[in-house]
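Trainee: Taken from Swiss-Prot, the feature [4Fe-4S] cluster binding site covers Cys572, Cys581. The divinyl chlorophyll a B1 binding site annotation in Swiss-Prot covers His667. Marked as divinyl chlorophyll a B3 binding site by Swiss-Prot: Met675, Tyr683. What Swiss-Prot lists as phylloquinone binding site is Trp684, and the listing cites sequence analysis. Annotation source Swiss-Prot lists transmembrane segment at 46-69, 135-158, 175-199, 273-291, 341-364, 380-406, 428-450, 530-548, 588-609, 656-678, 720-740.
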Amino acid sequence: MATKFPSFNQGLAQDPTTRRIWYGIATAHDFESHDGMTEEQLYQKLFATHFGHLAIIGLWVAGNLFHIAWQGNFEQWVTDPLHIRPIAHAIWDPHFGQGITDALTQAGATSPVNIAYSGLYHWWYTIGMRTNAQLFQGAIFLNILVCWLLFAGWLHLQPKFRPSLAWFKNAEAQLNHHLAVLFGFSSIAWTGHLVHVAIPESRGQHVGWDNWLSVLPHPQGLAPFFSLNWGAYAQNPDSLDAVFGTSQGAGTAIFTFLGGLHPQSESLWLTDIAHHHLAIGVMFIIAGHMYRNTFGIGHTLKEITEAHNTDNPNDPHTTAKDGRHFGVNHNGIFETVNNSLHFQLGLALASLGAACSLVAQHMGALPSYAFIARDYTTQSALYTHHQYIAMFLMVGAFSHGAIFFVRDYDPELNKGNVLARVLETKEALISHLSWVTMLLGFHTLGIYVHNDVVVAFGNPEKQILVEPVFAQAIQAFSGKVMYGINALLANANSSATLAANSMPGNHYWMDMINRQDALTNFLPIGPADFLVHHAIALGLHTTALILIKGALDARGSKLIPDKKDFGYAFPCDGPGRGGTCDSSAWDATYLAMFWALNTIAWITFYWHWKHLAIWQGNVAQFNESGTYLMGWFRDYLWLNSSQLINGYNPFGVNALSPWAWMFLFGHLIWATGFMFLISWRGYWQELIETLVWAHQRTPIANLVGWRDKPVALSIVQARLVGLTHFTVGNFVTFGAFVIASTSGKFG
């Protein structure tokens, strides 16, 4: 007889109800909970999944390359990137009538197509690709790589090729490998591509497989490198009248420090980018030789952490007022981190989340791809995309931090160290965060509501408008002169300015920072920015409060002292202990996700509206309407959704109709979430039992039976399903809104 799902949990496989299916899906990737799982097997399985993960990414990128080469207009687009709209792929749908077929036959295509808002065209163009054949070759190469990755994943699960537990826990070797090989060498390799292929192509010099060994990337070749005359590589950069992709204004420099933007492509100088990657690569290769491994030289992480202990009896930090000795503040930290995958994953997710949010900001403030800064819809889509991903990663960091406290934390090993002290002082941490959120919330909302009232009563001059003087000062210190704050780089005679002016060569940072359009990397800010900044701060601090409380209370609280024994996720256990709903560490993640979505919406609303106003030459709209809530609702949300609610109507359709339909459907998905979030298990169990009764008494329905007794989702599962609908609906609705409202104005 076939083994029932899930094979990894025989106890669950014997469950006679539909709970078997849902719990099986929920725990499929919780390898720690599987039958017969050892620590070594756990590490080996996770290692193998990395290859699968990389294979999925490779397939995804190959799919983009293949479909754009097959159905896109890449070769036409590169001839005029500013005016030809890039095509993502063709679309065919049996529901299409003549109206929508005509509306979506766009961008020079002969049949319905989707416009690309991914920025892939700009990326491939910038790195030197020019033909569909190159895109096809890239797709084929990646598919071959995917096959190798899948084979490698399978191979590393075979007994002879499974790495040992000691190999996984050799932190120093792992750090050296990741720093020097993965980060360092890949950065150097990317520098090589930029220098040998991308920079020559940007100067009208084709470099391909046919001539890459015979075309020198610099007239002097490697001579300046070996003679230590490295400055030669920075001499003769492209001129300010350089035309991207042609020899007009082209120089010979390959590593520069120009700053600012290429005037025609309005992107960072490729030679600056190459210099950046070279420096990053060298730094990481040095960093990858710092930790003790094969040769017995270098640091060990255990020594580094324990060197931070304050054992000196004269150290004021050593002894607390009550006489307790605090000198062992890092004892056990290395073992704790090195033996906890959840701790390591939490650190990785937090780091990657912060980096992803930084990418969102920098793709707009410091655009690195040629002409992408003028593709406003793509810029809006990429900002939104990266901020939403950053939100997920950062919430996940706290979630795995909480799982660490439940599953991996050892009180004896960590006695008296910083981890133990964080747990001891959690009430102070949580209550301070609570105080901060209340201060931010009451003050920010109070000012917004005050402004709404006075505007509604016809006295807009009575609004409370606070200039963000400290933020303006930071912009001025960095060189922005419009505020009249004469300090540092905004003062022509300051030591900072004189030092900057003494650097050899030309530099264009000040030109960029004082531009009058959206391409200045510091946009002018005023009272509307001040208010929304504090609204976002409220959202960030509230999200952090819920997540930090969830993690610090994950082992136990005054309400549930033995909470760790219940695991990471557990349902309410009724009124017996004063009601325990919303107290598991998983519930903290669940609750925080709503605040995280709230916050990320405010962040992307702010970025999008401010940029729309600048792009349309109507900066006053944001500055004047952004100081009260009705201004946001009326002049951003309502005004910009007009394109969406007119994508299709009784008089016909236009190219925005698919986004209009997605906008509507996104609202439906979002609203469906509340069905799971508001009505709980008992209602559904009673309904299911009634439906089963009706089914069994309907002769034709009895042709279909089931092995598992139908039961309602658990409270935790229903919350997950509800949150998923809420989140996906949020994405679909706002994604459609951003793309349609921006492309409806700018194409």
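Glycine is treated like the rest: Cβ placed from N, Cα and C.
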Trainee: On a simple 10 Å Cβ count over all chains shown, which one of the binding-site residues Tyr683, Trp684 is most densely packed?
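Mentor: Of Tyr683, Trp684, the one with the most crowded Cβ is Trp684.
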Trainee: Top stretch among 135-158, 273-291, 428-450, 656-678 for CB pairs under 8 A with the transmembrane segment (720-740)?
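Mentor: By Cβ pairs under 8 Å, 656-678 leads among 135-158, 273-291, 428-450, 656-678.
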Trainee: Taking pairs 6 or more apart in sequence, does the count of Cβ pairs under 8 Å between the transmembrane segment (341-364) and the transmembrane segment (273-291) hit 3 or more?
Mentor: no
Trainee: Please determine which of the binding-site residues listed here (Cys572, Cys581) has the lowest count of neighbouring CB atoms within 10 Å.
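Mentor: Across Cys572, Cys581, these binding-site residues, the one with fewest Cβ atoms within 10 Å is Cys581.
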Trainee: About how far apart, in whole Å, are the alpha carbons (Cα) of Cys581 ([4Fe-4S] cluster binding site) and Tyr683 (divinyl chlorophyll a B3 binding site)?
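Mentor: Counting only the Cα atoms, the answer is 17 Å.
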Trainee: Which one of these stretches, 273-291, 380-406, 530-548, 588-609, has the most C-beta pairs shorter than 8 Å to the transmembrane segment (428-450)?
Mentor: 530-548
Trainee: Sorry to bug you, but what's the C-alpha spacing from Cys572 ([4Fe-4S] cluster binding site) to the residue listed as 'phylloquinone binding site', rounded to the closest Å?
Mentor: 17
Trainee: Where among 273-291, 380-406, 588-609 do we find the most Cβ pairs under 8 Å to the transmembrane segment (530-548)?
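Mentor: The stretch with the most contacts is 588-609.
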Trainee: Are there residues at least 6 beyond the ends of the transmembrane segment (380-406) whose Cβ is under 8 Å from a Cβ of it, and what are they?
Mentor: 117-119, 340, 342-343, 345-350, 352-354, 356-357, 359-361, 363-364, 423, 543-544, 547-548, 550-552, 554-555, 564, 567-568, 585-586, 588-589, 592-593, 596-597, 599-600, 603-604, 607-608, 611, 731, 734-735, 738-739, 742
Trainee: In Å, rounded, how far does the Cα of His667 (divinyl chlorophyll a B1 binding site) sit from the Cα of Cys572 ([4Fe-4S] cluster binding site)?
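Mentor: Just about 30 Å between their Cα atoms.
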Trainee: Counting every protein chain present, what is the number of Cβ atoms, excluding its own, within 10 Å of the Cβ of Met675 (divinyl chlorophyll a B3 binding site)?
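Mentor: Total other Cβ atoms inside 10 Å, all chains included: 13.
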Trainee: What else in the chain is close to the transmembrane segment (273-291), if you only count residues 6 or more beyond its ends and a Cβ gap under 8 Å?
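Mentor: Beyond its ends, the transmembrane segment (273-291) has Cβ neighbours at 171-173, 175-181, 183-188, 190-191, 194-195, 198-199, 234, 254-257, 298-301, 368.
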Trainee: Neighbour count, 10 Å Cβ-Cβ cut-off, for the residue listed as 'divinyl chlorophyll a B1 binding site': what number do you get?
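Mentor: There are 15 of them.
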Trainee: Rounded to the nearest Å, what's the C-alpha distance separating Met675 (divinyl chlorophyll a B3 binding site) and Cys572 ([4Fe-4S] cluster binding site)? Just drop the number here, would you?
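Mentor: Distance between the two Cα atoms comes out at 19 Å.
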